[in-house]
Each structure stands twice: as structure tokens, then as C-alpha cells.
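Student: Please see the structure below; I have some questions.
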Amino acid sequence: MDPLGPAKPQWLWRRCLAGLLFQLLVAVCFFSYLRVSQDHATGSPRPGLMVVEPVTRAPNGSRCQDSAATPAHPTLLILLWTWPFNTPVALPRCSEMVPGAADCNITANSNVYPQADAVIVHHWDIMYNPSANLLPPTRPQGQRWIWFSMESPSNCRHLEALDGYFNLTMSYRSDSDIFTPYGWLEPWSGQPAHPPLNLSAKTELVAWAVSNWKPDSARVRYYQSLKAHLKVDVYGHSHKPLPKGTMMETLSRYKFYLAFENSLHLDYITEKLWRNALEAWAVPVVLGPSRGNYERFLPPDAFIHVDDFQSPKDLARYLQELDKDHARYLSYFRWRETLRPRSFSWALDFCKACWKLQQESRYQTVRSIAAWFT
């Protein structure tokens with residue numbers, strides 16, 4: 001008998017078993033990959049968006065070779081295609097403005113376009129001629145374009161020309177990829193720093209500062225009816241002068257401020273409320289989106305909504321009642337015991353974009369800005 005004969009069947013059996021185990025391992029890996037891929041594919045991205053592929057380009061244009069070696073918060077290069085309304089702003093360190101953010105290199109120097117990780121395009125500055133003012137047709141691989149607007153759809157032209165251009169949205173709308181509201185409330189870190197309201201300094205009743213006067217607009221029509229029953233001091237073009245630097249001092253003398261928006265759209269709650277009214281410690285009387293929309297950002301007793309009244313005459317009567325009833329008037333300031341208002345700045349908005357880009361690496365395309373925004 002060949003001394004190797006008895007070992008041959010055992011060797012074959014072990015070889016077959018190893019082959020079966022290898023095939024089983026390959027099958028498990030394949031189905032695990034398939035399941036993950038399906039999970040991503042069957043997610044529910046925001047309407048109008050399409051997830052294309054993850055970003056595979058490292059900061060400033062180089063290809064990623066080893067993802068494990070990439071820092072958690074790489075220094076990103078962000079290009080501002082234009083300054084907002086062509087007005088330069090100071091750019092402080094993002095690490096000092098947004099908790100958890102690392103610093104980004106933010107610049108308006110268009111020469112860095114080929115190396116930029118992202119480009120922020122302010123819609124107002126390109127909307128009158130998008131074909132001439134948009135970015136070059138050749139885009140560096142992985143570069144993300146961010147559509148930015150703080151204006152309402154009523155004041156944004158040629159949105160349809162932007163189909164397929166942008167990867168992220170940035171606006172006052174809470175469903176934007178980068179949410180940049182005009183203002184917000186935040187808790188006091190300790191005792192409120194503001195002194196109690198000095199009611200004796202409120203010597204006037206109702207004010208309104210308006211620069212864009214359109215007689216056929218909803219807010220002007222409402223004012224025309226309201227003033228028949230209540231004295232309203234109007235500041236701005238063709239009205240009482242309001243010298244630069246005196247707005248807060250002037251408006252703080254009033255008990256109420258008409259925070260009337262120039263157009264009525266979801267989440268469009270602007271500096272008319274956050275700055276003109278709340279920073280002046282005046283109770284805002286709002287005309288804009290629904291009360292429910294306001295209550296997403298403010299306590300229900302922090303403002304008065306025109307929709308709460310059947311007519312401007314009824315609103316006028318209510319304001320006159322509050323003027324005489326100090327306790328009821330002061331109830332509109334109770335929320336300030338625990339919360340304080342904050343207002344946006346361009347620099348803060350840019351740093352929010354910086355933080356978002358650090359946190360979110362997926363690459364998507366906004367199919368239609370117009371379909372989402374209007």
C-alpha cells in the first residue's frame with residue numbers, strides 16, 4: 001500500500017471545505033453591500049434633490065488617497081462668487097462663531113476657483129443675467145456650488161435658469177440644506193443681562209419703518225385701513241426721516257412696531273421682527289406667513305398677528321386697550337426671562353456653510369431651485 005494513499009481523501013475533503021467557506025464569505029459580503037446600497041437608495045431625500053455620489057476629492061483639489069488619514073475637520077477653501085449686494089464684509093474665524101466648527105479659508109478672490117472646495121453664489125447678484133454671471137461651465141471635480149438667498153421668492157428672478165447648477169441651498173427657509181434665518185431665540189446662559197423693561201420710556205404707540213413702498217402691496221393696503229383708526233408713525237422714504245444710526249433709539253420709544261413683510265412666504269420672517277421690533281423692545285405686530293409659522297420660531301405670546309383680528313379696526317382697538325393696561329402689555333415680554341433674540345450676520349451665515357461642508361460630505365444636485373423655493 002502506498003503510504004500516502006490513506007491521506008489523499010482527507011486532503012481533498014479539507015480542500016472542498018475551504019472552497020465552500022470562501023464562497024460563503026463572498027456571498028455574505030455581497031449581500032451586505034447590496035443591503036447597504038439599497039438602504040441609501042430607498043432613503044427619502046428632500047423633494048427636488050438627487051444624491052449622486054460621495055465627494056472623493058480632498059480639500060483644495062487633491063484626490064483622497066487614504067480616508068483614514070483625513071482630519072475630522074479639514075481646512076476647506078470657500079469662494080464667495082460675489083460679496084452680498086457687492087458689499088464686502090469682515091470675515092472672522094469660524095471656530096469663534098459656530099460651536100464645533102473648524103476654521104475655513106473664505107475668500108472673494110475668484111482666482112482660487114480651480115482649488116475651491118465650494119462656491120457660494122448670492123442669487124441677487126447674479127439674477128438679472130444668470131447666463132453671464134454664473135460660474136464657469138467647467139467645474140473642478142467634487143466642487144460644491146451653494147445657492148444663497150435671503151430674499152423671498154417674490155424678489156428672486158430667473159430661478160428657472162439655475163436648474164441642475166447647484167448642490168446645496170442656503171436661505172432663511174428652515175428646509176434649506178444650510179439654514180440661515182434672519183433671527184432666532186436662544187436661552188440665557190445665566191441671569192438675563194438686560195434690565196427690566198422701562199415702561200416710562202415708551203412714550204409713543206405704534207411705529208413702522210418702510211423703505212420699499214408699494215401702494216398695491218398687502219402691507220400698505222393693511223396700513224391704509226389701520227391708520228383710519230389708529231395713529232401710526234411711519235419712517236422711511238417719503239415719510240418721517242430716520243437718520244442713519246438712530247433707528248434703535250427712535251423705535252425703542254414705541255410700544256408696538258409693525259413688522260409687516262414685503263411678501264408673504266413660508267418662513268419669510270425678517271429683520272423687521274428680529275431687529276426693528278425685538279431689539280427695540282417693541283411688541284411686534286406681524287403681517288407675513290401664518291401664526292403657526294411664526295410660532296415655530298417664537299412663543300405665541302411674543303407677538304401679535306393681524307390674522308387674529310377680523311379687521312384692522314379690531315386690531316386698532318386691541319392695541320389701544322393694551323396701551324392702557326400695563327399688566328397685559330408687559331405679558332408680551334415674559335418670554336424674555338428665559339430667552340433672548342439674536343440676529344443674523346453675513347459672516348455668521350458663511351461660517352454656517354463652513355460647518356455644514358465639514359459635517360456633510362455627500363454630493364447632491366438640486367434639480368430645480370424654482371420648484372423647491374416657490
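Indices start at 1 and increase along the chain as displayed.
Heads up, the Cβ atoms here are built off N, Cα and C, so glycines get one too.
Straight from Swiss-Prot, here's the annotation block:
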- Asn60: N-linked glycosylation site (CARBOHYD)
- Asn105: N-linked glycosylation site (CARBOHYD)
- Asn167: N-linked glycosylation site (CARBOHYD)
- Asn198: N-linked glycosylation site (CARBOHYD)
- 1-15: topological domain 'Cytoplasmic' (TOPO_DOM)
- 35-374: topological domain 'Lumenal' (TOPO_DOM)
- 16-34: transmembrane segment (TRANSMEM)
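What's the neighbourhood like for these features in this structure?
Tutor: All protein chains shown were included, and the count of other CB atoms within 10 Å of the CB of Asn105 (N-linked glycosylation site) stands at 18. Classification of Asn105 (N-linked glycosylation site) by DSSP places it within a strand.
Long-range neighbours of Asn167 (N-linked glycosylation site) (same chain, six or more residues apart, CB within less than 8 Å of its CB): Arg144, Trp145, Ile146, Tyr363, Gln364, Thr365, Val366.
Shown in sequence order, the list is empty: the chain has no residue 6+ apart in sequence with a C-beta less than 8 angstroms from the C-beta of Asn198 (N-linked glycosylation site).
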